[in-house]
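As structure tokens, the structure follows; a few thoughts come after it.
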Amino acid sequence: MKKRILLLAGGQSEEHEVSLRSARSVLAALPRDQFDVTPVVISPQGRWLPPTDTQRALETGEAVRGGDLVLHRAASAEGYDAVFPLLHGPMGEDGTIQGLLTLAGIPFVGSGVLGSAVSMDKVMTKQVLASVGMPQVAWRLAVRREWQERPQEVRARAGELGYPLFVKPANLGSSVGISKVSGPGELERALDLAFSLGRRVILEAMTAHKPRELEVGILGNDAPIASPVGELRFEADFYDYETKYTEGRATMHIPAPLPPEIAERVRMLALTAFRTLDCAGLARVDFFYVEQTGELFLNEVNTMPGFTTTSMYPKLFEAAGLSYSELVTRLVELALERR
């Protein structure tokens, strides 16, 4: 008997359109002899769209208005065997939709409330992973009220790290709101931007040399496996939003040309991060590798990475011998297995 799958896409984050592209790929890849798939697009306003508007959004990529409030439509997930929440960023990848589905008792692809929420928040990720000795660059936390009332304290923290440094909102994805700050004169503008997007901000030291950006895919629940290591190459100072989503600005190299011992260490660190954060199903774990010194630093853990057929995560497992269709099928199996 076919399994009934509810595929959620769109959402309220900056990655709404990326999610729609991923959903089109997954929708085409799930074997029709095994699954009966119903897509539902969530609008940027948080509304669950009816079938005709969902189809239009998937075909055109346009941000459609209208639809029902999420709680009014949550009951519509009843009767499905599993949900594939192909949502990125806040209100999709941060434990919110996972909490709703958990309350409803419906299995879903990906990490649960804890793994999703902690991995989405850069501060919590760093603090939890520090407890297991995960290598990370030096960083400091600042909150909006401190910046408004005691800006000299925030400036002092930046001075402790030294310049240049990065300023990042603590709980946004897709490189939104990130600034490279070359000196004290650029700090105010960067902090104002980051605090306009959230109340908590991370100040993060830069590595001594421009690092290579390495990525590893993780697949599984309590016995996860790691993919080969991939590398992103680009000319920009860092992997910002424009570089990430402008075709031709970055290239993928799978497997990354690395000494075998470095590649194996990256994979082992990625598995440690996945287990420590209590992730499930899938994740893409990103690292900085400073070739000149041999240093590795964990950058972030992405619990619902981009999922088009040309995205890094599926390409990593394709290199391991798992086709795109086999990968999405396995993710649904893992969702059903976990509960």
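Going from the start of the chain as shown, residues are counted 1 onward.
Cβ atoms are placed via backbone N, Cα and C, with glycine included.
Listed in Swiss-Prot for this protein:
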BINDING   158-213  ATP binding site
BINDING   ASP286, GLU300  Mg(2+) 1 binding site
BINDING   GLU300, ASN302  Mg(2+) 2 binding site
DOMAIN    126-333  domain 'ATP-grasp'
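The shortest Cα-Cα distance between ALA158 (ATP binding site) and any of the binding-site residues ASP286, GLU300, ASN302 is the one to GLU300. Taking Cβ-Cβ distances under 8 Å and a sequence separation of 6 or more, the neighbours of SER179 (ATP binding site) in its chain are PHE166, VAL167, GLU186, ARG189, ALA190, LEU193, ALA194. The shortest Cα-Cα distance from ARG200 (ATP binding site) to any of the binding-site residues (ASP286, GLU300, ASN302) is found for GLU300. Neighbour density for ASP286 (Mg(2+) 1 binding site): within 10 A of its CB lie 22 other CB atoms from the protein chains shown.
Here the CA atom of LEU172 (ATP binding site) lies 11 Å from the CA atom of ASN302 (Mg(2+) 2 binding site). Sequence-distant neighbours of THR207 (ATP binding site) (same chain, six or more apart, CB under 8 Å from its CB) are VAL137, PHE288, VAL290, GLU295, PHE297, listed in sequence order. LEU172 (ATP binding site): 22 other CB atoms within 10 A of its CB, across all protein chains. In this structure, ALA158 is the one among the binding-site residues ALA158, LEU165 with the smallest number of other Cβ atoms inside 10 Å of its Cβ. A separation of roughly 19 Å, to the nearest angstrom, links the Cα atoms of ASP286 (Mg(2+) 1 binding site) and LEU165 (ATP binding site).
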